[in-house]
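My structure is below; once you've seen it, I'll send some questions.
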């Protein structure tokens, strides 16, 4: 049972066992589960049924031990336990923000013996009527966006689909978000509906479209109605603009799309989002106009971080409106979230409101995203795995900046 933590920006070690040495079946798709069963001698004629049983227990019921699988024969349960586990990534640190946001630092199993395990972060953002889980797709990031903390951490590797799905399993474990489990209680958690994790956003560490195969496979697992059952309209993939993969994502997978735009001129976006040098704004916008999954009912979200004196003028707002012509879009204005060492500042609220008003009067929804989890470095642009630890001085600086931004 999950014992809810009191809201605090202080990190605490989570009471989770060390990583299993047996390969885990948690996070695998049906094909890989079938191969795992074949490897321990399950006859081919039984495999489809057994895969369906495993799928039900792992993804619908949240089983963490094969002994829980009461409709699976005792002999097979024993075989499974001898060769496999249902282990999740190790929770190294769990933090709870004053606003109820939760962040988990997760340690992944080493890919090869003797290799140093890598770490990623996942963030749960609760609201009254929903709970959004922000998942990572890479260890580190290669894009080096000027305002993003994750971009200061070098890219190590892509995550596997199983490692992406496992982030969702960890969150649901900790929140008691399975049928028959005692749900977590605490400040900010959803009070409506029967699920605590209702939406998934690929907005954590990494560029999802540079880990396309893993992300696509993970989405199919997450959306499967016999398991986790998170429909694709509740799954959003955010990209900084890997243009060749955008059409492919819409055609093959079909999730909601978000674009990390942040500038309306190539010269500025080249600085803020360096991938723009390879795929400039005109190419990016054309990919958005032809995105197969887009419609008035499934609008593309354009994320725009508000940087004081950089991209926040009325002229920028009008240029943004012009840029979005012909695209079913909404604009998400994001107050810049501070992190130690950054040279940028957040636009003041009057400037943000003027910018939002110009966009809104042009017919586009332009909500200003409420900063969540700033005090635990869980807000947009602040994620960076603790393998690259902040110094005490940097943490004090962060808290001062977060307090000043309130």
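Positions of Cβ are set from backbone N, Cα and C atoms, glycine also.
Just lifted these from Swiss-Prot, have a look:
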{"type": "ACT_SITE", "residues": "121", "note": "active site, proton acceptor"}
{"type": "ACT_SITE", "residues": "380", "note": "active site, S-methylcysteine intermediate"}
{"type": "BINDING", "residues": "141, 145, 148", "note": "[4Fe-4S] cluster binding site"}
{"type": "BINDING", "residues": "206, 207, 238, 260, 261, 262, 337", "note": "S-adenosyl-L-methionine binding site"}
{"type": "DISULFID", "residues": "134-380", "note": "disulfide bond"}
{"type": "DOMAIN", "residues": "127-377", "note": "domain 'Radical SAM core'"}
Considering Cα atoms only, can you say which of 121, 134, 141, 145, 148 is the nearest neighbour of residue 337 (S-adenosyl-L-methionine binding site) among these recorded positions?
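Considering only the listed recorded positions, the nearest one is 148.
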If you average pLDDT over the domain 'Radical SAM core' (127-377), what do you get?
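Mean pLDDT, the domain 'Radical SAM core' (127-377): 92.
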What's the most sparsely packed of the recorded positions 134, 141, 145, 148, 261, counting other C-beta atoms within 10 A?
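Per-residue Cβ counts within 10 Å for the recorded positions 134, 141, 145, 148, 261 bottom out at 145.
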If you count CB neighbours within 10 Å, which one among the binding-site residues 238, 260, 337 has the smallest count?
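Each of the binding-site residues 238, 260, 337 was scored by Cβ atoms within 10 Å; lowest is 238.
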Under DSSP, is residue 134 (disulfide bond) helix, strand or coil?
strand
In angstrom units, rounded to an integer, how far apart are the Cα atoms of residue 261 (S-adenosyl-L-methionine binding site) and residue 148 ([4Fe-4S] cluster binding site)?
13
Rounded to the nearest angstrom, how far is the Cα of residue 145 ([4Fe-4S] cluster binding site) from the Cα of residue 262 (S-adenosyl-L-methionine binding site)?
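Rounded to the nearest whole number, the Cα-Cα distance is 10 Å.
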State the Cα to Cα distance, in Å, between residue 134 (disulfide bond) and residue 141 ([4Fe-4S] cluster binding site), rounded to an integer.
16
Rounded to whole angstrom, what's the largest C-alpha distance between any two of 206, 207, 238, 260, 261, 262, 337, listed as binding S-adenosyl-L-methionine?
19
Please state whether DSSP places residue 238 (S-adenosyl-L-methionine binding site) in a helix, a strand or coil.
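Going by the DSSP assignment, residue 238 (S-adenosyl-L-methionine binding site) falls within a strand, counted as strand.
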